[in-house]
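First the structure, in the form of structure tokens, and then the observations on it.
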Amino acid sequence: MTEDNDNVFIHIRAANSLAEMQEDIAMTSSSSLSDDQQKVLGLWMIVAGCLSVIGSFFTMYRVFKSSSKTNSYDRIIFGLSGFNMLSAITYIMTPFLLPSDGPSSRIWSNGNQVSCSFLGWLTQLSFASVSYTFALSFYFVAMIKFRIHMDEFAIRFEAYIHGLTIFFFLFTATAGVPLQMYDQSEIGMSCWIRDDFPNKCIVGEDCIGNQIGWFFGGWIVCATLLLLVVNHVLVWWQIRRKLAGVRKGVETPTWAIRIRRSRNQALLYVLAFYLTNSTPIVLRILEQSYGYTASREHELYQFLVIHSFLVPLQGFLNTFIHARPNYLKLRANDYPISMCFWLAAWYNRIDEYVEGPAGESNLASSGDGSRSKEDQMLSRLENSIRMMSEVITEELSNEESTEWSLQALRKLSMTLPNSHNTTGKQQQQRQQHHQLT
């Protein structure tokens, strides 16, 4: 009888211990944020995601509308905007597709492990936008620092940029699904590489989830954050050297203004990337290195609000940066602000409607061909002469150039692709005029 009572007490104590352990696990895994705080995080993420989808759509539409005249810059922007849109759509769906029984349950979560794996696949594929951001920075360095023509850039680098980027992130994203790598993150609203991978591993001992996370995307983000600064310093130093040859008191050459604008454009893309991609790294470091879990999310609430709004926003910021040169050109031609905004947002090649910084608008005459062929020919010749003087001035200001005349002629030949046709037309007109007289 005594032995039976002892066995009963042992079973009761074991059951109580198991219940306490389950309660501790539940307390550890449940979020410490209130329902209202979780709603705020979800709403900010959805609003920012919708803005980014709209902005990315406008950018892609501008490039697609002028697809017959695109260059490497346009195609890199198109790829960047496409993956920004994919990332924004992922963030819009995230509050609803998180597992309802995940490690940190959310108020709107109605998903399961399958939906979380789908979100993880989209998140990993969206990391391609980081690679395209670096490619854009590399493009500006190639144009300004190394003076590589855009046609040469397209031949030498562009195929590798698109091919390697899409292959790597599509392969890694797809590989994570059958290997069951994706799970809900402890803090924040996301599904990505799980810490306890492979299954039944002990976190901190034989798990490799953190290492896979850094290989799949962490090192790319950190390297891009560093190389963007290096590339911009190279661009800034090259512009400073070029402008050192311009005398004080002399009007700044047009080529100098042009490369300054390119530098400013590159800097804006860098700032947009830093603004939207810094918080995920901080969040991941807090989770992995400082032991933050869902039970301590209330300590990071203000930071999580900023994170939820900024992370999906890159596509929205990039569309303003991409439209900025068109907006400035329209404002220089005294267009109304509202008209400048819509034209810059809708058209990729605003030069089709505005000629130069102080030219006349072709919006009223673009469809009726009111400009004569003679006026068009004279305008083309004036632009060619202006381009030739700018090229020669630019080469003379570069002390390292020993064959500046040959380089100037090469650049001039590229600016006059139809010069021989123009000469032939002039000869025909002269012959017809001679026959009539």
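For all residues, glycine too, the Cβ spot is worked out from N, Cα and C.
Unlike curated records, TrEMBL annotations are generated automatically.
If you look up TrEMBL, you'll see 416-425 marked as compositional bias 'Polar residues'.
The region 'Disordered' feature in TrEMBL is assigned to 416-437.
Under the heading transmembrane segment, TrEMBL lists 41-64 (among others).
Residues or ranges marked as transmembrane segment by TrEMBL: 76-98 (among others).
The transmembrane segment feature in TrEMBL is assigned to 118-141 (among others). Within the same chain, residues 72-73, 76-77, 79-80, 83-84, 86-87, 89-90, 93-94, 97-98, 111, 153, 157, 161, 164-166, 168-170, 172-174, 176-177, 181-183, 190-193, 216-217, 220-221, 223-224, 227-228, 231-232, 234-235, 262-263, 265-266, 269-270, 273, 277, 314 sit at least 6 positions outside the transmembrane segment (118-141) and bring their C-beta atoms closer than 8 Å to a C-beta of that stretch.
Annotated transmembrane segment per TrEMBL: 153-173 (among others), in sequence order.
The feature transmembrane segment is assigned by TrEMBL to 214-237 (among others).
Residues annotated as transmembrane segment in TrEMBL: 266-286 (among others). Within the chain carrying the transmembrane segment (266-286), a Cβ under 8 angstroms from the stretch's Cβ atoms is held by residues 130, 133, 136-137, 140, 187-188, 213, 218, 221-222, 224-225, 228-229, 231-232, 235, 292, 300, 303-304, 306-307, 310-314, 317-318, 321, 324, all 6 or more beyond its ends.
The annotation transmembrane segment is assigned in TrEMBL to 301-321 (among others). When Cβ-Cβ distances below 8 Å are used as the criterion, the transmembrane segment (301-321) is approached by residues 33, 37, 40-42, 44-45, 47-49, 51-56, 58-59, 77, 80-81, 84-85, 87-88, 91-92, 129, 187-189, 265, 268-269, 272-273, 275-277, 279-280, 282-283, 345 of the same chain, each at least six residues removed from its ends.
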Highest-contact recorded stretch vs the transmembrane segment (153-173), from 41-64, 76-98, 214-237, CB pairs under 8 Å: 76-98
